[in-house]
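Trainee: Okay, here's the structure, questions in a sec.
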Amino acid sequence: MEKTIEDPPTSAVLLDHCHFSQVIFNSVEKFYIPGGDVTCRYTFTQNFIPRQKDWIGIFRVGWKTVREYYTFMWVTLPIDLNNKSAKQQEVQFKAYYLPKDDEYYQFCYVDQDGVVRGASIPFQFRPENEEDILVVTTQGEVEEIEQHNKELCKENQELKDSCVSLQKQNSDMQAELQKKQEELETLQSINKKLELKKLVQGDQDKTEQLEHLKKENGHLFLSLTEQRKDQKKLEQTVEEMKQNETTAMKKQQELMDENFDLSRRLSEKKMIYNALQREKERLEGENDLLKRENSRLLSYMGLDFNSLPYQVPTSDEGGAGQNPGLVYGNPYSGKTTFPFQLEGPSDDICDHTLEQQRMQALCLNCPICDKIFPATEKQIFEDHVFCHSL
């Protein structure tokens with residue numbers, strides 16, 4: 001069986017369910033010469049509407065289902081079905097796909113549901129011969145045909161007699177069938193009564209079950225009401241707990257904020273304390289340096305530290321807090337008195353050292369990045385030190 005690229009939609013629909021009169025095939029020849037293409041012409045009836053997957057197949061005569069096609073072609077849908085010329089269509093079968101034997105075939109129009117909508121008269125694929133052009137019958141053949149005709153008439157009479165016998169048998173069987181139908185009706189009536197009785201009994205049982213379910217439903221409804229009351233109380237308790245939790249969380253957040261603020265302030269104080277501690281250590285180091293410088297100068301001048309005359313100024317003279325261990329007084333007091341006159345390079349060295357000490361006393365050094373701030377910008381210095389802790 002020859003097929004094209006895609007198989008058409010088929011089904012196991014039998015001949016009894018087909019409608020052969022909805023598509024009419026026109027100009028179908030008694031036979032087609034092998035080796036040539038075959039054009040199939042057909043016409044749609046008024047009430048038939050073609051669809052996308054409809055197809056025309058070539059079937060061998062005697063087929064039972066549409067799956068027994070030899071080859072097929074898809075149907076071309078007309079653009080306008082209302083046009084009279086659109087109802088007359090045609091498809092062309094290529095010679096390569098046509099049958100090669102001389103059996104009888106026919107065209108069949110099959111819709112996309114696998115239902116046959118039209119069938120053509122049978123035809124053959126064979127070459128043309130002289131018998132198709134002229135038939136000559138002799139007298140002997142005529143007598144033979146008449147003899148054959150008489151035999152057919154006799155056989156026909158026998159068939160008629162057999163038909164009468166079959167009709168009688170059919171009448172008897174019809175009577176018996178009528179009797180069986182009456183018995184069947186009686187049994188059906190009895191069956192209906194039994195079924196009705198069963199239905200009534202079942203209805204009563206269902207009614208009792210329904211009453212029982214109603215009672216259970218009432219108990220469940222009361223239980224559900226109590227559960228709803230308990231649920232409402234629980235919801236109120238949960239709401240109160242949520243409020244208490246919210247209050248506690250707010251208080252906790254306030255305490256955390258206060259703690260953070262205190263921690264921040266403590267960190268600031270610690271950093272300021274550390275800065276002041278380092279400043280103190282630096283000043284003590286400078287004080288020791290000045291003491292060593294003072295001793296060196298005294299040794300250079302040949303003087304004894306303990307034999308030098310000095311007086312501790314009183315508080316009204318502005319000398320309060322002066323270190324008695326410094327020979328020439330506190331260099332940060334603003335005025336230093338020497339009991340002798342220094343000459344030469346020593347005067348310049350002493351003045352430079354004192355000036356450097358006086359400048360350092362008027363500045364604030366950052367203990368982290370060593371940045372220098374004037375003593376008048378103490379608040380800026382403290383903000384700068386605090387920024388290192390962020």
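The backbone N, Cα and C atoms fix where each Cβ goes, glycine too.
Pasting the relevant annotations from TrEMBL:
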type	residues	note
COILED	142-197	coiled coil
COILED	224-300	coiled coil
DOMAIN	363-388	domain 'UBZ1-type'
Trainee: Cβ under 8 Å, sequence separation of at least 6 from the ends of the domain 'UBZ1-type' (363-388): give me the contacting residues as numbers and ranges.
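Mentor: Those are 268, 271-272, 274-275, 278-279, 282, in sequence order.
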Trainee: With DSSP, how much of the domain 'UBZ1-type' (363-388) is helix, how much strand and how much coil, in residues?
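Mentor: In the domain 'UBZ1-type' (363-388), the DSSP-based counts are 10 helix, 6 strand, 10 coil.
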Trainee: Could you pull the average pLDDT for the domain 'UBZ1-type' (363-388)?
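Mentor: Summing pLDDT over the domain 'UBZ1-type' (363-388) and dividing by its length gives 83.
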